[in-house]
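These features come from Swiss-Prot:
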BINDING   A32, G33, H34, D52, F79, D100, Q107  S-adenosyl-L-methionine binding site
Amino acid sequence: MFKHETVLLHETVDMLEVKPDGIYVDATLGGAGHSEYLLNKLNEQGHLFAFDQDQTAIDNAKIKLAEYSDRVTFIKSNFRYMKEALNERGIEAVDGILYDLGVSSPQLDERERGFSYHQDAALDMRMDQEQELTAKKVVNEWSYQDLIRIFFQYGEEKFSKQIAREIERRREVKPIETTGELVDIIKTAIPAPARRKGGHPGKRTFQAIRIAVNDELGAVEDSLENALTLLKPGGRISVITFHSLEDRITKYLFQEATKGPDLPPGLPVIPDEYKPDFKLATRKPIVPSEEELEQNNRARSAKLRVIEKIIK
């Protein structure tokens, strides 16, 4: 069964200031924890559109949310196509959108999905099991320079060159097939003193490959830009990020959206059309409480940012 600890459950949904008859989007259905809590706040006129590119997540959510089946629509799609998918269903604007950008724990924990550096499995890492690009293709077919780039940019890995060089050396002998082989390569490439510090040596490289396989950062940027155009006045977007790369994108897009145009200083009144369309609902990101961290260690790096479309 699809078990998933929902992070910042109440904060994320409560910050949307849910209207019982509103239209809402869960961009990252996952274990459906946020969806369930949100649906509980909707009446029969309200509706939730829930996106996930993983059919297993949708199948499990249909069971979990069966009592709300009349007010939820499941859409199997990457959230970067949210706007088109909603427009196709006659939805031009919504009251709120939430994102939980963590990889849902069941995907990490299912050995055959190939996300985990703790379990030996085929190199896969696809969120969408129908797409062609896999971790195996990245590791065996991408150039030395491209591997360095993703390890450094997406994994912030100090030993990117050494790991890419060792991958190149091994794959000339035979294709790299499994997560276990990749972990062995990483351990060989990273100097022993560094291996003993800062958690599992494979963590950063595996994160980088997962982001590359699923084009996660490109999808986040595309989706958030579209989400801002979908909001009704007074509507809000809640975004939970788990690492600095996604948080940087979210923070930048939200800051840009809340800026007005450059106007000469000292204007007595700023016309409405020059005022920004959005405001930050939280000056600083909301982080999990000590109590939540005790119950769910995966929440440690979570940050929640919220933006609101201004009613003019």
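Every residue gets a Cβ built from N, Cα and C, even glycine.
On a predicted model such as this, the values are computed, not experimentally measured, just so you know.
Known features from Swiss-Prot, placed on the structure.
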residue	record	DSSP (3 states)
A32	S-adenosyl-L-methionine binding site	coil
D52	S-adenosyl-L-methionine binding site	strand
F79	S-adenosyl-L-methionine binding site	helix
D100	S-adenosyl-L-methionine binding site	strand
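Neighbour list (D52 (S-adenosyl-L-methionine binding site), Cβ cut-off 8 Å, at least 6 residues apart, same chain): T28, L29, G30, I58, A61, F74, I75, K76. Around the Cβ of F79 (S-adenosyl-L-methionine binding site), 26 further Cβ atoms fall within 10 Å across all displayed protein chains. A32 (S-adenosyl-L-methionine binding site) counts 28 other C-beta atoms within 10 Å of its own C-beta, drawing on all protein chains shown. Of all the binding-site residues listed (G33, H34, D100), G33 has the fewest other CB atoms within 10 A of its CB.
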